[in-house]
Amino acid sequence: MNPQANLIFIISLLLGTTITISSNHWIMAWTGLEINTLAILPLISKSHHPRAIEAATKYFLTQSAASALVLFSSMTNAWHTGQWDITQLTHPTSSLILTSAIAMKLGLVPFHFWFPEVLQGSPLTTGLLLSTIMKLPPIALLYMTSHSLNPTLLTTLAILSTALGGWMGLNQTQIRKVLAFSSISHLGWMAIIIVYNPKLTLLNFYLYAMMTATIFLTLNTIKVLKLSTLMTAWTKIPSLNAMLLLTLLSLAGLPPLTGFLPKWLIIQELTKQDMAPAATLISLLSLLSLFFYLRLAYCTTITLPPHTTNHMKQWRTNKSTSTMIAILATMSIMLLPISPMILTIV
């Protein structure tokens, strides 16, 4: 793709995200979401492969439907209350429609079907944008309307997302699909706490985005898309592979790594809200996703599964790892000890 065109699309993405996050009026928020959708479509379909075109079409159709629902929800609220302010979403029907629209935009169960397919058809760098920056505007809208959302509905969506994200990721061999189901599972953790402590949702999202960015950039550096190629990639940049192992375990939420912090805080907050059964259930369901993270970690570094095919070992590269990956990987692994400071900032 032409570098100038690429730059325009990236700037449009940042513009759309900024407009949605900083707006008070529903129409401005909707405009930002539309700019975002239109800017990411060329980045998904830039390889001109049939799978990429299919991914772009699926993405366009789901996001258009979700944007229409956002508009419908805000118009219903304005009709009943005379308010176009995002924080004044008080009508129950409007908040129900908005919840389903945001669930569709994020890829929460039961509106999750498009996300693994779209991520599988996109390049790794576009997959990174889809998993992180494209999720920020809908989460910001949830944050602003969190006081008027239905807690029972969100808890149900969250538990279903964690269950399905873990369950469907178990037998995947394509790494992008595994990361898509991982994203669905993490969104479940964010959705369950948004009504009770919205700041925790934002903290969880920031840490998730940081760890996912590390994994996507690492995979992009070693050029790996499938589990079978991941097994032989350790010869390329061994030190980077070791960091990938730790980041995967951090994303799984194992102590003493960074990924444990949001899960710990969410379980604590749910217990305070007398929701110990929900906390127990979502913790048990996250064990499903722990399995496929461990499988990825095993294929990355720990051991090679027995197989009969002869794989060519790849040449070790002298290319130095980018500073960005080094910083992100360090933060993805080592932030737990300074969690009190993080909590004071948030």
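Counting starts with 1 at the first residue shown.
Note that Cβ sites are derived from N, Cα and C of the backbone, with glycine treated the same way.
Per TrEMBL, these features apply:
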type	residues	note
TRANSMEM	5-21	transmembrane segment
DOMAIN	23-288	domain 'NADH:quinone oxidoreductase/Mrp antiporter transmembrane'
TRANSMEM	56-75	transmembrane segment
TRANSMEM	95-115	transmembrane segment
TRANSMEM	152-171	transmembrane segment
TRANSMEM	178-196	transmembrane segment
TRANSMEM	202-222	transmembrane segment
TRANSMEM	242-261	transmembrane segment
TRANSMEM	281-304	transmembrane segment
DOMAIN	290-343	domain 'NADH dehydrogenase subunit 2 C-terminal'
TRANSMEM	325-345	transmembrane segment
Model confidence over the domain 'NADH dehydrogenase subunit 2 C-terminal' (290-343), averaged pLDDT: 82
Interface present between the transmembrane segment (281-304) and the transmembrane segment (152-171) (three or more C-beta pairs under 8 A): yes
Interface-richest range of 95-115, 242-261, 281-304 toward the transmembrane segment (202-222), CB pairs under 8 Å: 242-261
Segment proximity, the transmembrane segment (56-75) to the transmembrane segment (178-196), 3 or more C-beta pairs under 8 Å: no
Ranked first among 5-21, 56-75, 95-115, 242-261, 281-304 for CB pairs under 8 angstroms with the transmembrane segment (325-345): 242-261
